[in-house]
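Written below as structure tokens is the structure these notes are about.
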């Protein structure tokens, strides 16, 4: 049973009514009579109710614009079953071509991520409010917002016009979009650092570069590595998509087999993509656990 502790007014102070404090025997933290921490504001359930109601209204409002027709899944079930039947068994007759193009997709993701990391380190530092003044980080943030706002597919189509069909256009597309994403993540990690190590380095009369090298980077490097690995996983999937507009890799093959209604080959390509991406995800997750 919780024990009530009666508050005692100190000498020289006026007595005022105080809510009894309940001490949970399983915890060292005293609780008030209604089970809250002392000084904790009451739960505003009505705000939560309004929030959920607003979310529901947004869903209702967007129903028509999204052309939601869930019953069509059941009305056209015969066509869907025939469509699924054509997928199996998968046709791996050209598996060597599929594996080669999947490797090209990984190469696109590797280079797109690597170039993005090189650019995101300075952009992330210049986007951090605790590193540079507002007249510096605000324009840099807006530029990185522009990079994130445009999808890789759009960038791929633009770069195909500029450099032609092939994997290089895919690399450039992933590079620009990933730079915008990683810069934001890197900046948030920098803004969350403990300022004391940086102040200690500054107290020795070190240069600003030394403050970054010895005060900032040791704190943010684990998070930066984790973010980079996560974006590499995402870029492998994105590289598969940008290939469908001619940016090279497995996406080109996938587009061709779908367009020619070769569903057994489509299933084979998709299975190879699933296996490769799953292996990369598992490996990346283990590395992130080791780093963080």
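Each residue, glycine too, has its Cβ placed from N, Cα and C.
In TrEMBL, the annotation transmembrane segment applies to 153-176, one of the ranges 81-104, 153-176, 177-200. Residues 263-283 are the range that TrEMBL records as transmembrane segment, among 11-31, 263-283.
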